[in-house]
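A short write-up of the structure that comes next.
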């Protein structure tokens, strides 16, 4: 029997990369019952897609119990990857249709495990279009870039 889910947690995630590959950052804004939590981090050498995935992973890891989640991302790579492509990748032992290894499979596997704990609605939003939650996540991702540039570990 599944545990009773808490009320809906709204999560907004974004990734940023200065060069691709290059220095990158991720950010996540979690909102629940009037509370907010901001998460961000960065890496010195990464890709935009890794940062988009890491934003989602770190946000879901921050949830302390099974939750109903509305997850907003401006990354079609993340949204389609988790909603459509992952099922075929798993059937093909983490290979694409043309038999090449799935890029970022380490993060996709981690995300796949995390999604099993929660009921998640995956929502795509257009980036840089004035959506408050997405704009805030973008600001956090850029803060992550700055921490990576300074060599400071983030939260």
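From the backbone N, Cα and C atoms, a Cβ is placed for every residue, glycine too.
Fair warning: this is a prediction, and the values are worked out from it, not measured in the lab.
Under the heading domain 'RNase H type-1', Swiss-Prot lists 5-146, citing sequence analysis as support. The feature Mg(2+) 1 binding site is assigned by Swiss-Prot to 14, 52, 74, with sequence analysis given as support. Annotation comment: Swiss-Prot describes 14, 138 as Mg(2+) 2 binding site.
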Most Cβ neighbours inside 10 Å, all chains, among the binding-site residues 14, 52, 74, 138: 14
Residues in the domain 'RNase H type-1' (5-146) grouped by DSSP into helix, strand and remaining coil: 56 helix, 52 strand, 34 coil
Distance from residue 138 (Mg(2+) 2 binding site) back to residue 14 (Mg(2+) 1 binding site), taken between C-alpha atoms, in Å: 5
Neighbours of 14, 52, 74 excl. site residues, C-beta within 8 Å of centre, Mg(2+) 1: 13, 15, 51, 55, 73, 75, 78, 127, 134, 137, 138, 141
